[in-house]
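Colleague: These came from TrEMBL, pasted as-is:
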TRANSMEM  28-50  transmembrane segment
TRANSMEM  62-82  transmembrane segment
TRANSMEM  94-125  transmembrane segment
TRANSMEM  131-151  transmembrane segment
TRANSMEM  163-187  transmembrane segment
TRANSMEM  193-214  transmembrane segment
Amino acid sequence: LKSVGPKLVPFFKSVSVYFILLAEQPSLLTACFKCLPIISLIVFVLLHGISLSQEYTFSRRILTGLIFSCIGDALLVWPSCFTPGMCMFALAQIMYISAFGFIPLNIALGTILYAMCSLVIYALMPGLNGILVIGVPVYTVLLTTMAWRAISRVQFYKELWTWTKLCSCIGSICFLISDTLLGFHYFHTPLPYSQVSIMLTYYAAQLGIALSAVGSKNSNNNNNNSNDKDDAALIKG
């Protein structure tokens, strides 16, 4: 943890600058200030080590997700680029899902989250038109899947959780909150202080997900050990 703090200083500084300026007019400068915190997280992941070897697969996928998110952030500064921006974030969610994996499955949690996802889509549908009628539901399902996979990794009852897995869990929940607020603000009812609430939860989300890359070389080993224990339990049963 001591080695993590100093590397996050640029992130917290850039987030502070963004909220101090809180620019609303679409411009390249606005896009730069909005993207700086995510660029800081990209550098953070890189500083913790990355290569093309298999042991860095998790980090590479998180890094790629952050890059797609950064592009999406820049595009969403301009309202006319909402659809391309959403597509970038959809790709980011796919990368996060592939990083978190599907073990353990936790069907019960998935059922609850997808039920909530259906309610959100139902509430937003009247305000959607054009390609967004398809795009928003698809993105919402991807976002929900990402959260399902991130939360499922935290196995308190098996004592297989780590602080990095907990960070990705909290980050995914913040992502759900952020994008739900954004969806309701644009397609249902305008919300007060929307920019602050949406971006604050968004930056917290990306921070949590980026932190999951710390010590990620052990993630695959932990998952394999978990699978071995489950298999052994089945054999004994």
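Glycine too: its Cβ is placed from the backbone N, Cα and C atoms.
Automatic prediction, not curation, is the source of TrEMBL annotations.
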Colleague: Who are the long-range neighbours of the transmembrane segment (131-151) in its own chain, taking Cβ under 8 Å and residues 6 or more past its ends?
Modeller: 82-83, 86-87, 89-90, 93-94, 96-97, 100-102, 106, 109-110, 113-114, 116-117, 120-121, 124-125, 168-169, 171-173, 175-176, 179, 183, 187, 209, 212
Colleague: Who are the long-range neighbours of the transmembrane segment (163-187) in its own chain, taking Cβ under 8 Å and residues 6 or more past its ends?
Modeller: 1, 96, 100, 120, 123-124, 127-128, 132, 136, 139-140, 143-144, 146-147, 149-151, 153-154, 194, 197-199, 201-202, 204-216
